[in-house]
C-alpha cells in the first residue's frame with residue numbers, strides 16, 4: 001500500500017516532469033543569463049543621481065545615465081542600499097546556475113549553492129564596511145559600501161570580536177560561501193593546484209634542457225634530476241575475463257592464437273548428400289597484438305578516478321574487462337552519488353583518456369557498478385571464421401537459423417537464433433559496417449542450413465551488395481533489384497503466407513515444425529506424400545528506404561503483415577536501412593521488430609529512432625554495434641564479424657557446384673483445389689471486376705475492393721489475372737495501369 005508521501009509524490013509527477021524537461025532547463029538558463037547580464041550592467045553603471053526607491057534623483061529634468069534605464073537605476077540603487085558590495089554575488093550566482101542549466105548538467109544541492117550566495121553577499125558587505133570604516137577606498141561612488149546589512153553586522157560584531165576578529169570572520173564567511181558554490185571538494189582543488197604547479201615545473205625543466213642542447217653551447221647539457229615517476233598504488237583490481245583467442249594481452253606479448261582446425265561437427269546434411277561449405281573457404285584470422293597491459297589498465301583506472309573526483313564524484317574502479325575492441329572498467333560509486341552524474345561526464349572522461357569516445361553503461365545489469373567502455377589503442381578484427389568455428393555456433397545445431405553476429409565486449413562469440421526473434425531490424429550510417437554484417441549473417445546461414453531446409457529471398461535495390469549470391473541453390477528466385485518488382489514479391493509473399501496457414505489449418509498443424517513432423521509421419525506410415533516438406537524462408541532487404549520511396553504504402557502493408565503473422569509458418573525478415581528516420585522506420589514497422597541491431601549513427605535522434613534510447617551515436621564504427629534481443633530492453637555491445645568479398649565468392653562457388661536452385665513452391669494448393677477456387681462464384685466476381693475496370697477506365701485494387709466489397713489479396717489476384725489476359729497493362733514509370741480493351745469487347 002502506498003504511503004501518503006508516495007501518493008503526494010505521484011500527484012506532483014506532471015509538474016516534476018515539466019520542471020525536469022530539457023526544454024525547461026534551456027529556457028531557465030537563457031532567462032537567468034539575461035537577468036544576470038542586465039543586473040551586472042545596471043550595477044556597474046550606477047549613478048547616485050539616478051532616481052531609485054531610496055533616492056529621489058537629480059530633479060525632474062535629470063537624465064538617467066544607467067545602462068539599464070530607469071528599471072536598472074531603480075534595481076541597482078535599491079540593491080546597493082540593502083547589500084552594498086555584496087550585491088555583486090547575485091549576478092555571479094545567477095550566471096553559474098544558468099550555465100549549469102544550459103550545459104544539461106544536474107543541479108544538485110541547490111540549497112547549498114543558495115546558502116553559498118547568501119554567505120558571499122554577507123561576507124563582502126561586512127568586509128567592505130570594515131575597510132570603509134578603516135579609511136580604505138571602497139566603493140568610491142557608493143555612499144554605503146557595506147549596505148544596510150553590512151552596517152548592521154559591523155555594529156553588532158565589532159564590539160564582540162574586535163578589529164582583528166572582524167576581518168577574520170568576514171574572510172571565513174567568504175571561504176565558506178565559495179566552498180558551497182563550487183562543486184569540487186577542497187581535496188580535489190588542492191590536487192588540481194598541485195598538478196598545475198608540477199606541470200609548470202616540468203615545462204620549465206624541458207625548456208632548460210632544450211636550450212642546453214642547442215649547438216654552440218660550451219657547458220654540458222642540463223640533465224634534470226632523477227625523479228621517480230608518479231605511480232598509482234598497487235591495487236591490482238581483478239580482470240574479469242581475458243580476451244578470447246585472437247585477442248592477446250599486451251603484458252604477455254604473444255601473438256593471437258589462431259583457432260585450431262575444428263572437427264567436423266554435424267552440420268545439417270540433406271538426404272541427397274548436400275554438403276555444407278568447409279571452414280577452409282574462409283580466411284584464418286590474422287596475427288594481431290591487441291589489448292592492454294596491467295600497467296595501462298591501472299593507469300586508465302587512476303585517470304578515471306581522478307577525473308571523477310575533479311567534478312566531486314567519488315568512485316572506485318573495482319574491475320576491468322578487456323576485449324578485442326574496447327575495455328570496460330567497472331566503477332563502484334561512493335555513498336550518495338547518483339549514477340546520472342557519471343553518465344554526464346562521458347565527454348570529460350574521453351578528453352582525459354584521449355579516447356575517440358567513451359560510453360557509460362549505468363548501471364551494468366545485475367551488478368551494483370557503472371561501466372565505462374574505452375576503446376583499445378590496438379583494435380582487433382573479428383573474423384567470421386572464428387565465430388563459425390566456436391563452440392557457441394556448434395551448440396546451435398538445434399537452431400535452424402543461427403546468426404553469427406560477432407563477439408561481445410569480453411571476446412566471446414555471440415550467436416543468436418533468428419527463428420526466436422523472429423525478425424531483425426538493422427540500421428546504421430553509411431560506412432558503419434551494416435552491409436558487411438548482412439553478408440556475415442547470410443554466410444552464417446549457408447554454413448548451417450541446406451537448400452532443402454532454408455530458402456532465401458534477397459531484395460537488393462542497390463544492385464551491388466547481394467547480387468553475388470545469384471546461382472546458389474538456397475535462393476527462392478534470383479536477387480530482386482527493382483523496387484517495383486520487390487513490392488510485388490512482398491505482396492506475393494503475403495499470399496504465400498496465407499496459403500501456408502490454410503495448409504496448416506487443414507492438417508491441424510500449429511507451426512512449420514509440427515507440419516514437417518506430420519509430413520514425415522505420413523511418409524513413414526505409407527499414407528502417401530501429398531505435400532512436400534516446407535522450408536524456412538528468410539527474406540533479406542538490404543535498403544528499406546529505396547522501397548519506401550517507390551511504394552511506401554504497399555511495402556509497409558506487406559512488411560507489417562509478414563512481421564505480425566509469418567513467424568509460425570517459417571517466414572522471417574531481416575530488414576536493413578542506412579536512413580533511420582521515422583518516415584522509413586515507421587512506428588508500425590518498429591513495433592513488430594522487437595530485435596534490433598544499431599550501428600554507428602550521426603545523432604542521438606537516429607539512435608532513439610532505432611533503439612528507443614541513446615548510445616548508437618557513441619559507437620566506433622567498422623562493425624561496432626548495439627543489439628537489443630527480443631527478451632530484453634538493455635542493449636548488448638557486439639563487435640561484428642568480418643567477411644571479405646573474396647571469402648563470399650569462394651563460398652558461393654562451392655555451393656553453385658552442387659547444382660542450381662529448385663523452383664520454389666509458391667502455390668501450395670493442389671490442382672483440384674485450384675479448380676474449385678476458380679469456380680462459378682469467383683468467375684462471376686471476376687467478370688464484375690472486369691466490368692468495373694473497363695467501365696471506369698481505372699485499374700485500381702482499392703476500386704475493386706470498394707465496389708465488390710472483397711479483400712485486398714483477392715482484388716490483387718484479379719488485377720494480376722487481368723494483366724495476364726491483357727485487359728490492363730503493367731505498371732510503368734510509377735503511373736497507373738492503362739485499360740487496354742473497350743467496353744464493347746467485354
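Glycine is treated like the rest: Cβ placed from N, Cα and C.
Sequence annotations record features per position, and here TrEMBL assigns transmembrane segment to 27-46 (among others).
The feature transmembrane segment is assigned by TrEMBL to 82-102 (among others).
Summarising the annotation, TrEMBL assigns transmembrane segment to 114-136 (among others). Counting same-chain residues at least six beyond the ends of the transmembrane segment (114-136), those with a Cβ under 8 angstroms from any Cβ of the stretch are 83-90, 92-93, 145-147, 149-151, 153-154, 157, 166-167, 169-171, 173-174, 176-181.
TrEMBL lists 411-608 with the feature domain 'FtsK'.
When secondary structure is read from DSSP and collapsed to three states, residue 432 (ATP binding site) falls in the coil class. For residue 432 (ATP binding site), the number of other Cβ atoms no farther than 10 Å from its own Cβ, over all displayed protein chains, is 25. Residues annotated as ATP binding site in TrEMBL: 428, 429, 430, 431, 432, 433, 434, 435.
When Cβ atoms from all protein chains are considered, those within 10 Å of residue 428 (ATP binding site) total 29, not counting its own. With respect to Cβ neighbours within 10 Å, the binding-site residues 429, 431, 433 differ, and 431 shows the lowest count. Non-local neighbourhood of residue 434 (ATP binding site): 426, 427, 428, 576, 578, 599, each in the same chain, at least six residues away, with C-beta under 8 Å from its C-beta. When averaged over the domain 'FtsK' (411-608), pLDDT in the model lands at 88. With a cut-off of 8 Å between Cβ atoms, the residues of this chain six or more beyond the transmembrane segment (27-46) that come close are 65-68, 71-73, 75-77, 79-80, 87-88, 90-92, 94-95, 97-102, 141-142. Fewest other C-beta atoms within 10 angstroms, among the binding-site residues 430, 435, are seen around 430. Within 8 Å of the centroid defined by the CB atoms of 428, 429, 430, 431, 432, 433, 434, 435, the record's ATP site, lie the Cβ atoms of 578, 599, 600, 621, excluding the listed residues themselves.
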